[in-house]
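Only one structure is covered here, and it is reproduced in the block below.
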Amino acid sequence: MLSQLNWDDVETPLIICCWLMCIVMAKIIFHKSKIGHYIPESSLLISLGLVVGYILDHLYTWDMFLHPDLFFLYLLPPIALEAGYFLPFRMFFKNIGTILLYAVVGTCLNILLISGILYLFSHFFQDSIPYIDLLLFSTLISAVDPVAVLSVFEEIHVNQLLYINVFGESLLNDAVVIVLYHSLAHMATIEKIEGKHINEAVLSFATVASGGVIIGLLFVIFTAFATKLSAKIQVVQPLICLLLPYCCYLTCESVHMSGIIGIVTCGLMMKPYLDGNLSEKTKTTTKVFMKTMSNTCEAIVFLVLGLSIFSKSHIWDFVFATVTVVACVLVRFIVVIPLTYIANSKRVKRIALVDQAIIAYGGLRGAICYGLVQTLDQEVILAKDMMITTTVVVIVFTVFIQGSTIAPLVKLLRVKIEEEKPQLISTHVLNGFSDDVMAGIEAIIGRRGGNYYRRRLSDFNHNVLEPNLMLRPTSRGSRLVERVCEINAEESRKRLLENF
């Protein structure tokens, strides 16, 4: 009958569509109103989840939470792929030493110091928590999510050095945290931890991380070759650019390697090859779809996080939550400043003190923390519910308080802004010229440094990889011609706008 409703058949997809439309409407309102100048977008989504959660809490008895499989298999890969693909390639590798110092050494120090502070105050907690459990919790709570900070950076146009260090550190930090978390989660099941178990954990970390990089590089080759073969079937190319990195993530996870390192490596390294295989329209389609997928997945996480605040399984421990929040903020400053001092001793262009303060203050927590804490085994980690509650408190505090005050702080400290320089051909030429000069100087003095190996890798890429993996292999000359065309097009556009 026409009047009969088939609600059961369409219930799930219709509810999903309604949730997504709520996110879309919230984003439209956020960007249309002045509220976006004062609070980050993630704060709005958590608030929306809070309101909806309050309503549902009075209508239903069931709990809303983020299932770990949903997060790690479906929501995290698009976020990681987009971050890797849009990472500024040249700036990232120029600052790779400093970024690794923050992401690897800094993360390990954060974990040790936070766990030490929690252990010192453990006598004041409601329940007795073993040190290994505190270490595991300190690991997951050390994952930073600077989406709100980076959006402020883009709006204000902070200097590139600050931007790339915050972006790169957060990206690799998430990968390091996830790998360490899985190693420590295994150690938490061991009754008596000995030296051999620690050695196994360190070896496991190195194996899982390097395995993720290798698999990621293999899928870069697959993706580049597939887009080259499908040059005449452009409609499938965006699908290839999304599916193969996702297959990379799943492959890594299936062989117990780091999926996030694999997909970030794939996204970062495949971009130069895609530029030679995709048309301009296809590149635009791929970029927009990546951005849309990533933004939607992150929005879902923050929305569910807001909903979960009304969960009936929460165990509130005021002391544990307060100590954790203070430790997260304080330890980040304690770690960033000495590590920057070490980095500056080896750098030509040093990181200013005000930039260090912003890097430390920008350690917001987000999706990774919330996803990891949900995977804790309740039978092994007895304080899981209390840790989930505290994680939500830390995320809400950092997103609302630190995220909302980062823009005024940047202006107050007068952080150096990236000056808008005129687009000159000479600038583009000299970027490569300086690398060649440094490589030549190293060859003359008989020293093989970073510039020498960069030159060798560039030659290998140009002579071996690009001819086989790219439909239109690029050279420095072709890139220069492309740059000239871009500058001419931009100048013509400006002249037309001035005339009209």
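Including glycine, each Cβ sits where the backbone N, Cα and C put it.
The domain 'Cation/H+ exchanger transmembrane' annotation in TrEMBL covers 23-411. Among the features that TrEMBL reports, transmembrane segment is placed at 12-30, 42-59, 71-87, 99-122, 134-153, 160-181, 201-226, 295-312, 318-341, 353-373, 393-413.
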Cβ-based contact of the transmembrane segment (12-30) with the transmembrane segment (295-312), 3 or more pairs under 8 Å: yes
Spatial neighbours of the transmembrane segment (160-181) far in sequence, C-beta under 8 Å, 6+ residues away: 80, 83-84, 87-88, 91-92, 95-96, 98-100, 102-104, 106-108, 111, 136, 139-140, 142-146, 149-150, 153, 205, 208-209, 212, 258, 260-261, 264, 349, 351, 355, 358-359, 362, 368, 372, 415-416, 418
When each of 71-87, 99-122, 318-341, 393-413 is checked against the transmembrane segment (353-373) for Cβ pairs under 8 Å, which one has the most? 393-413
Examine the transmembrane segment (318-341) against the transmembrane segment (42-59) and state whether at least 3 Cβ pairs sit under 8 A, considering only residue pairs 6 or more apart. no
Cβ contacts under 8 Å made by the transmembrane segment (99-122) with residues that lie 6+ beyond its boundaries: 92, 128-129, 131, 134-135, 137-139, 141-142, 164-165, 168-169, 171-173, 175-177, 180, 319-320, 323-324, 327-328, 331-332, 334-336, 339, 342-343, 359
